[in-house]
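Here is the structure we will look at.
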Amino acid sequence: MGLLASAGLLLLLVIGHPRSLGLKCGIRMVNMKSKEPAVGSRFFSRISSWRNSTVTGHPWQVSLKSDEHHFCGGSLIQEDRVVTAAHCLDSLSEKQLKNITVTSGEYSLFQKDKQEQNIPVSKIITHPEYNSREYMSPDIALLYLKHKVKFGNAVQPICLPDSDDKVEPGILCLSSGWGKISKTSEYSNVLQEMELPIMDDRACNTVLKSMNLPPLGRTMLCAGFPDWGMDACQGDSGGPLVCRRGGGIWILAGITSWVAGCAGGSVPVRNNHVKASLGIFSKVSELMDFITQNLFTGLDRGQPLSKVGSRYITKALSSVQEVNGSQRGKGILDMEKQVGCDHDYVSLRSSSGVLFNQRSLMEDDGKQNKRVCGKILPSPLLAETSEAMVPFVSDTEDSGSGFELTVTAVQKSEAGSGCGSLAILVEEGTNHSAKYPDLYPSNTRCHWFICAPEKHIIKLTFEDFAVKFSPNCIYDAVVIYGDSEEKHKLAKLCGMLTITSIFSSSNMTVIYFKSDGKNRLQGFKARFTILPSESLNKFEPKLPPQNNPVSTVKAILHDVCGIPPFSPQWLSRRIAGGEEACPHCWPWQVGLRFLGDYQCGGAIINPVWILTAAHCVQLKNNPLSWTIIAGDHDRNLKESTEQVRRAKHIIVHEDFNTLSYDSDIALIQLSSPLEYNSVVRPVCLPHSAEPLFSSEICAVTGWGSISADGGLASRLQQIQVHVLEREVCEHTYYSAHPGGITEKMICAGFAASGEKDFCQGDSGGPLVCRHENGPFVLYGIVSWGAGCVQPWKPGVFARVMIFLDWIQSKINGPASLQTNNKCKTLKQQLPPPTPSPDSASWPGCCSEAELEKPRGFFPTPRYLLDYRGRLECSWVLRVSASSMAKFTIEYLSLLGSPVCQDSVLIIYEERHSKRKTAGGLHGRRLYSMTFMSPGPLVRVTFHALVRGAFGISYIVLKVLGPKDSKITRLSQSSNREHLVPCEDVLLTKPEGIMQIPRNSHRTTMGCQWRLVAPLNHIIQLNIINFPMKPTTFVCHGHLRVYEGFGPGKKLIASFAGTLAMILTKDILKREKLNFINTYIMHIWENSVYDNVRSVGKRKQKKFASNLSYSMEAEKSRIQVPADLVPAKGSLSGS
């Protein structure tokens, strides 16, 4: 390390130059396309569920293969180095170890991806302390590749953690791999990912203890929920657990090791009430010594090193020139520009203090540190001591000449910053918020007065801007005036912005910056230049609006429940610890005051009724003593948005138990109705079709105490919590509570030591959840919990759904309440859950929903996530006599049930009171399927007992001629078509029918056909009839269609179900290859369905399935028939 010594202070000056961006560790190409934010602002609805990743979503993910079969995951940390779990290699023989290959750039296991690279492994190093018989031994191995990978969009390394990277409990990270879709299935076809939080060691150890497992070791990391469930068991050993730094760079936090609590494991669960499954990962930050010790073996001297931990170019300076402050040395800064300075940077450190533009940033170890990189010219770096260290870190990317610093000793002084006084600037230069780029101070007021010569104007350009957002910038803001009296306001700015230049209209500009006491960001840096007045016309400047909120007020009817005027903003990706809420993002929140003092929170459910906790009002039930304030954010200020009402009547639930807090719910009737507007709106009550499940992410709001010994918060606070299983919550956290956690309670919260959960003053407030783009629904009322005194315990809420009948009976009138019924209330208010241009309506899940538009989209609740639990849905489309209906199944996933028909999607055609089953579908579809029906009525029903998801788009087409003129059912026999029996045969004729005979006795049958078309031809496969029936234990009968022959064949279609209507699945060749391998496997159960009953006797079908095929020139791809055009206007049934 460079050691600088002299008397006085040290001053370092650097000058920056433009730089280009190269491929770097920890960057996903999806970030650049989607502009993934550095700070999480979205609301998470459910995170412990596997989903398909994007193609370039995890470029550091690799597949470890033996004999071309995937067996584990891994992470690329360098061009020729991969880390994985040591246990992945335990069961392999010496011969198998020598034949391991690493595949990078892979997305699909069953087809070759564009950037896929297969590289043999030359050397394996396992951690010396790894022991396969110990749960908590260092489970890590380093693989050396025979040659380097080629980096690209789908192949990039992951960053390894630095010493100052802290992975805190509650931070949401990503796990990825080709884990099995279910316990008995094969690996997933495409790369999966799951978002899950880092778990507190103490909470993790509590769960591990209940399973008779040892506590978490120093080298292990725990992630997930105490009641994670079987989703955790589908992971991929050796794969990465990556977390994101504040600047957006991803780091490798963990390596998937094992899962505690999975069924079939060798370790019994001591307490059979515990349903936990926790992911245990090797903690990379604790294993950096092993990685760095072996990472650079074999590298040539002088070869650039990948960034691992802290490495510095070191040179000691024996003396420093002392100056009086008027002289300034010059330097050079030519380094990569990155948010957070993660890859290349130079920093200034000292043991007692560092000022960087009169700001300091304390590290956890008591030292102070600040990084500099990129091209933005920083002001002098000032250290308060006569000793300092200047570390320089660079990675392998050769993207700049580095830096040159001038070091001088100066006398201590306090330069004016414009904060607490007025700074007058008369020369071109820069100004910035105090402590920039660190967090600006609380309760700051700063003024800069820029004065140019006469006949000149001032150009103000913000090079960086991050100021806490609030509607109308009412808290933190930068205000720019065009006159010294501050009457001509040019702009009022807040949020995280990229702003164009602002030009003054005269030779004066005033910049005013203010901050409050909460949630500070890094502030701003602005450069100002002085230009001749006539140059203003050359630039044609576009002034920003006077107010620039990040989100505008949504154009939603005020009485529509659950829709806030502004989307909630979250400064952190953590789901532990509270923060100030975005003003008016929770418009149903009210404050309850008793004799003028704040007591509890509540939720608006209609203009005259408030829902709150019974314990808040039971002993103070005189309505005259209570006032209710709606539209409030800062309870210490009188805000123009407030509406104050007196209480008229208080109703406490008759079964409220003061000992157990069971039935802790109450209603307050207001003296006069609230006036709904953009900041005062009701919240939806839950609908019976959408129950609340464990691991869902919800939000709690209130003005409760920020700490156990602190006072109430002045501004509304918010916190994200996850829902726990009642049994897990009771037996893990509240086993001694009187009465336990009853069915009338919800347990929610993230167990993290030292974090605020719920405190005095939060009681009665709302627990709201939302499903994807749906409205917020009131599932709980804050009741009790030990979270304020013992932060590692979750909170407990009154379960609102249990009390719906009680609420209705007290309010006395169904018209007075709004439930989350998307079929009626929100059908036209909400966008569809997928960004499909054809989605004109989203009627939701009801006993029967009419599809009223000629085109639209309807899915299961929280599509694309699986709906968990019992669900019955039905949609009806009426088709006029001159139209056809086209249904396209965009997505189908009906898994997780041992009995096939526990989850089924059925399409019926109904004509003259007769119902005909057109299709009954199960399984999983990764492609679209199309149904055509003439109607007059088509009914789609969905039945699920366990889990499932689907999305269907539809359109009604106008038929200009007779309905059957262009679209007819294919005959099961034809004189001109070639009939193909069930055998392994090569088909080259241009068309034919493949038939499977129905056997009269129980048997297992397999049929395989291979179709080869001429060059520049395509193959169309039409399923005429394909019945599949379930046995007691499993669904039998599958049709799979592959592209190509042999080991390289690609699965492009898979069917299971009963398909009997006009179903056309076009299998079209997009490459020059022109062959399809069709493979069918049927397992028949004679006792179940070999024979079809008829009146008086049994009648056997001759054929079980019929499939027709045809080979056509490529230009004749299937088109919508010319006489089918989209229907206009409304639909009518025949």
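A Cβ is built for glycine as well, from the same backbone N, Cα and C atoms used for every other residue.
What Swiss-Prot records for 1-22 is signal peptide.
Per-residue pLDDT, averaged over the domain 'Peptidase S1 1' (38-296), rounds to 81. Taken from Swiss-Prot, the feature domain 'Peptidase S1 1' applies to 38-296.
Long-range C-beta contacts of Asn52 (N-linked glycosylation site), restricted to its own chain and to partners at least six residues apart, with a cutoff below 8 Å, comprise Val190, Leu191, Gln192, Glu193. Secondary structure at Asn52 (N-linked glycosylation site), taken from DSSP and collapsed to helix, strand or coil, is strand. The annotation N-linked glycosylation site is assigned in Swiss-Prot to Asn52 (among others) on the grounds of sequence analysis.
Neighbour list (Asn99 (N-linked glycosylation site), Cβ cut-off 8 Å, at least 6 residues apart, same chain): Ser66, Asp67, Pro120. If you look up Swiss-Prot, you'll see Asn99 (among others) marked as N-linked glycosylation site, on the strength of sequence analysis.
The Cβ of Glu116 (Ca(2+) binding site) lies under 8 Å from the Cβ of Thr103, Ser104, Gly105, Glu106, each of these being in the same chain and 6 or more residues away along the sequence. The Ca(2+) binding site annotation in Swiss-Prot covers Glu116.
If you look up Swiss-Prot, you'll see 284-410 marked as domain 'CUB 1'.
Summarising the annotation, Swiss-Prot assigns N-linked glycosylation site to Asn324 (among others).
Among the features that Swiss-Prot reports, domain 'CUB 2' is placed at 419-531.
Annotation source Swiss-Prot lists N-linked glycosylation site at Asn431 (among others). In the structure as shown, the Cβ atom of Asn431 (N-linked glycosylation site) sits within 10 Å of 21 other Cβ atoms.
Residues or ranges marked as N-linked glycosylation site in Swiss-Prot (evidence: sequence analysis): Asn507 (among others). Counting every protein chain shown, the number of other Cβ atoms lying within 10 Å of the Cβ of Asn507 (N-linked glycosylation site) is 16.
Annotation comment: Swiss-Prot describes 575-812 as domain 'Peptidase S1 2', evidence class sequence analysis.
What Swiss-Prot records for 846-957 is domain 'CUB 3'.
Feature annotation from Swiss-Prot assigns N-linked glycosylation site to Asn1106 (among others).
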> Rounded to a whole number, how many Å is the Cα of Asn431 (N-linked glycosylation site) away from the Cα of Asn507 (N-linked glycosylation site)?
Replying inline: 17
>> With helix taken as DSSP H, G or I, strand as E or B and everything else coil, how many residues of the domain 'CUB 2' (419-531) land in each class?
In response: 3 helix, 58 strand, 52 coil
